[in-house]
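Inspection log for the structure reproduced underneath, given as structure tokens.
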Amino acid sequence: MSDTTQVGWQLSEHAPLRALNTFHVEATARWLLSVHTPEALPQALAAPEIADQPLLVLGSGSNVLLAGDPPGCVLCFENRDTAIIAHHADHAIVRAGAGVNWHALVLYSLQQGLSGLENLALIPGTVGACPIQNIGAYGAQVGDFIHVVEAFDRHHQQFVRLDAAACALGYRDSVFKQQPERYLIVAVEFNLPLLCELRLDYAGIREELASMGAELARAADVAQAVINIRQRKLPDPDVLGNAGSFFKNPLLPNEQIAALQASFTDMPVYPGEHAGLGKLSAAWLIEQCGWKGRREGDAGVSPEHALVLVNYGTASGAQLLDFARRIAESVRERYSVILEPEPRIIGAHW
């Protein structure tokens, strides 16, 4: 393996990726570009070895399934600076580099007396990845607090600042997901209130707060409740390879949901993000089809949470992908509902 090191970036050849994805599957990058200072990005991308190569950005690798070796170059941002850049009477603007660990940012915001991100505690990944999927959990989504996304526009070869509207944030969607070849996120600015109405819609959070003796909850209490729940329900990727929730919760027209409920009266339904749509529980659908806790070789579904696909040891990305496809097919056959994966599939098609 040969390395090229310049000010602000490093390029490595034939780099193993097992430690850079939370499924812990084996894969190799032809080139691995590590960028420490975003200002060096244009120079790094012009390196002759990778100038015309496809580019895959990996944060902590918590939202990808490497079903094969990625083509071209893998890019990792190593800028991990966090700071409050503006104070106001009722809110503050926090800027975090793309390489900052997401949960570390949540804890930082709480330590600074800021709220808004507490429901998103312990989500694996980095700040640079959070706008791409518009990450969300327990009734909250990061898009509600994004002020500006700083990115390098590869089409125009310049750095740009995109406000929340320009990011086109939707349910697990954004302009960055729609145009993956265009923008490279280098930092995100968040508009975080000093006091925010707590989102306690999920019964599990209310029950956890009660067990903590925190009926008069603060944002930090909600974060701790979420941490407790996630640690009980979701396996630690450092111990058991996984990427959190593997499937999106399906959004369907209310008419289709009503027809399903007529046949499956115990099917849980939640409000959708838009009028006329409802949301089904992908976990419920998968469990009803008998997949929860099922294991084939080293590929399986967590016995604690039906949405979590796990690698018990040496399953390949291709084996995990085949397992996930069969889960989705069984749900389609029984309910006529199409499940879509949350992680990006690399090296194969869904």
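Glycine is treated like the rest: Cβ placed from N, Cα and C.
As written in Swiss-Prot, here are the features:
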- 24-195: domain 'FAD-binding PCMH-type' (DOMAIN)
- R172: active site (ACT_SITE)
- S245: active site, proton donor (ACT_SITE)
- E342: active site (ACT_SITE)
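According to DSSP, R172 (active site) sits in a coil region rather than a helix or strand.
Rounded to a whole value, the Cα-Cα separation of E342 (active site) and S245 (active site, proton donor) is 7 Å. Model confidence over the domain 'FAD-binding PCMH-type' (24-195) stands at 97, taken as the mean pLDDT rounded to a whole number.
The residue listed as 'active site, proton donor' sits 12 Å from R172 (active site), taking the C-alpha atoms as the reference points. Under the three-state DSSP scheme, the residue listed as 'active site, proton donor' falls in the strand class.
In the shown protein chains, 19 other C-beta atoms lie within 10 A of the C-beta of E342 (active site). Here R172 (active site) comes close to Q133, N134, G136, K248, E342: these same-chain residues lie at least six apart in sequence, with C-beta atoms under 8 angstroms from its C-beta. The residue listed as 'active site, proton donor' counts 22 other C-beta atoms within 10 Å of its own C-beta, drawing on all protein chains shown.
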